[in-house]
Amino acid sequence: MLSSIVIPNLVSKSKFWYRNKLTVSHGSYRHGLIVPFFSHSSSLQGMYKYLARSFPDFGSRGIVVGYDTRAQEASGCNSERLARLTAAVMLCKDIPVFLFSTYVPTPFVPYAVKRLGAAAGVMVTASHNPKEDNGYKVYWHNGAQISSPNDKEILKCIEESSEPWSESWNESLADNSPLRSDPLREISKKYMEDLSSVCFHRELNTKSPLKFVHSSFHGVGHDYVQQAFRAFGFPPPIPVPEQKDPDPNFSTVSCPNPEEGESVLELSLRLAERENATIVMATDPDADRLAVAEQSDRCRWKVFTGNELAALLGWWMLFNWKETHPDPADRERMYMLATTVSSKILKAFARIEGFHFEETLPGFKWIGKKIHELAKTGNEVIFAFEESIGFLCGSMVPDKDGVSAAVVVAEMASYLYNKNLTLHQQLENIFETYGYHISTTSYVICHDPPTVKRIFTRLRNFEGENTYPRSSGGHSIVDVRDVTTGYDSSQPDKLCVLPMTKSSQMITFTLQNGIVATLRTSGTEPKIKFYTEFCAPPGKSDISSLEEELKKITDTLVEEFLEPDKNNLIRRSI
């Protein structure tokens, strides 16, 4: 056996990850079900079983299958082969399959599911995970990633489908079956046409003097970002030549995650300096996330955090929405969404502007589910985000989308340039109006699941049984929310408003000085992540003191609550 499939029973069952090793034993998979690679087909058989049960018309609606450019030479496992095996499982049961003929961005699959009326979608990708990983994301008929109860029921069906069907290994079905079709041309065309819904100043775009650099991080994004820029009236961005074409080894970056900032964006920044380009964009390998940097002066760059970029994009979407919806009553049906570990800046927007804001659990599957719920009652979500550089502008796709976000950022930057403003200057204007939101996001690595459990058990019994910490860094903790156990001290009944997630670890502390801090395990990596944010009211602009206080609290919280040295945690090195 050359590979293993890991089906994690943690946080995000909409994702199924593979690793090119026989053993995977880090924290994010600690409740995982590890089965041999040949059981990929068995997993899809379980999915078929559940879909056939859920959709009486499954035989006419079919399923969408897409893939990225990952590959492992040692095992012969690559994304295209896994996609063809996925198709074979469905085709051998006479289920129509819309299998893309080449690699596509992840958001193309949920877009196609909705556009084609399919029952579900599968995207073979491991996103920005290490090169050894592969896996797939599953989408429901509404285009959102699967969530409870569908995720649990699919896992049950997988466990009941341990014996692979012989015909499910027939990869040639993807070439020979009349039930297989290629949606690439139609979906690419319609997607680029539908981008007009988030294009507000096309004429201005055609005259923009700004130059943009784009890196696709050795993944799928190059061709599609180029097309999106043309759809908006821009010349295509300058590609980073060393990272333009697919490379499953990610040979020019220490890790294929543009969220890591300037250290992994070095080739992009140096190219931008040579080309006199002021904006750098990087999509991650499956092009569903976006990093942005702006040249502040010669050879100095501002790399925006996910929270900062969300403040800009949220403002931009609101600004243009108000232009076409002058009636304040329209705001009664308008929403913005963010995951609960993300900045509260959209909440500040909503408080002043009079629209609705809601939080979800971490992960875009929860945002997608909320979008679907709101749409059923006639409401509209115009922007949503998660702090890990995942953005959704408009309502084209109920999932994060780095392709559309890239070109929306380009248009925003061009509009601001016409007003003699940079992105960074506009961010300062936003904070002056709505209050400074200073945040820190980082992580430690832990490959030992019992250690992770011990850390969070200690926090739940910090000063005796069933007692949480009462202070940090000299400041009282006024509220504690623990979505793992369903506890929230701020609620009259002490119960979480957000759904309880027993399979993951996440505790949020609200301090007396207004800082909010969250500790949580990652759903896809061996990390304990921590998020802290200082939400200041409008008018309070002593940034240095806010940043100093936030750093002090963050450092203290990590040392006191996670005890990295004692627990042999690996600190972030990038």
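Every residue gets a Cβ built from N, Cα and C, even glycine.
Just so you know, TrEMBL annotations are computer predictions that nobody has curated.
Mapped onto DSSP helix, strand and coil, the domain 'Alpha-D-phosphohexomutase alpha/beta/alpha' (49-163) counts 42 helix, 25 strand, 48 coil. Per TrEMBL, domain 'Alpha-D-phosphohexomutase alpha/beta/alpha' is recorded for 49-163 (among others).
The domain 'Alpha-D-phosphohexomutase alpha/beta/alpha' (190-295) scores a mean pLDDT of 97 in the predicted structure. The annotation domain 'Alpha-D-phosphohexomutase alpha/beta/alpha' is assigned in TrEMBL to 190-295 (among others).
What TrEMBL records for 306-434 (among others) is domain 'Alpha-D-phosphohexomutase alpha/beta/alpha'.
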Composition by DSSP (helix, strand, coil) of residues within the domain 'Alpha-D-phosphohexomutase alpha/beta/alpha' (190-295): 42 helix, 17 strand, 47 coil
Three-state composition of the domain 'Alpha-D-phosphohexomutase alpha/beta/alpha' (306-434), taking helix and strand from DSSP: 76 helix, 22 strand, 31 coil
